[in-house]
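Everything below concerns the one structure shown next.
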Ligand code: ADE
């Protein structure tokens with residue numbers, strides 16, 4: 001997959017792209033990326049990229065011409081363009097799955113009060129919100145989406161890790177323990193030391209259901225509905 005990110009602050013993303021699993025995915029040729037600095041596309045002597053909103057109001061809006069020039073420079077028309085914004089539809093694992101099947105994604109990082117609506121109307125396919133709170137940085141929101149998406153690409157991480165994790169089947173994950181078996185007076189649940197794989201699998205499933213019921217009853221209801229079971233059977 002090719003990732004292109006249009007941003008006023010490429011340095012926010014560059015460290016991430018050179019670290020850990022992402023760095024490995026790039027070295028292995030699974031991911032290519034291009035960080036496009038918006039500043040050189042700005043207008044006038046100061047390469048201005050923002051302006052106050054028509055109609056008044058606080059803050060600044062990213063101007064259309066620099067964004068259009070940056071998008072045209074990477075031939076974004078016809079590619080899947082994502083704009084993270086608190087006004088978008090809620091991003092989730094299902095959308096991450098869908099985006100992970102694209103050959104190429106383009107991200108626009110907003111700042112301040114957002115970007116000119118005409119850029120959204122002309123170029124953007126997906127306006128996505130990563131949660132009901134407002135970040136100062138569209139770069140951080142883009143990174144969240146990129147992180148959730150790229151790890152689903154074949155061979156980036158093991159299929160086994162993906163199968164067992166939260167949201168893969170609609171339940172939260174079971175608790176994990178590693179050595180030592182006794183830590184600070186707290187011991188690991190006996191069942192995990194039993195070597196009985198059937199009992200362990202059963203215990204883990206019960207933990208997932210209990211956790212999901214406690215923390216995300218909305219997910220549990222959807223889980224039972226999707227399994228065609230009665231709520232509360234487990
Ligand atoms: N930009 C600022 N806040 C955001 C949010 N919650 N989701 C996506 N993009 C954002």
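Here the Cβ of each residue, glycine as well, is placed from N, Cα and C on the backbone.
Marked as domain 'tRNA methyltransferase TRMD/TRM10-type' by TrEMBL: 1-220. The annotation S-adenosyl-L-methionine binding site is assigned in TrEMBL to 110, 130, 131, 132, 133, 134, 135.
For the binding-site residues given as 110, 130, 131, 132, 135, the lowest number of other CB atoms within 10 Å of the residue's CB is seen at 132. The Cβ of residue 134 (S-adenosyl-L-methionine binding site) has 86 as same-chain neighbours under 8 Å, each 6 or more residues away in sequence.
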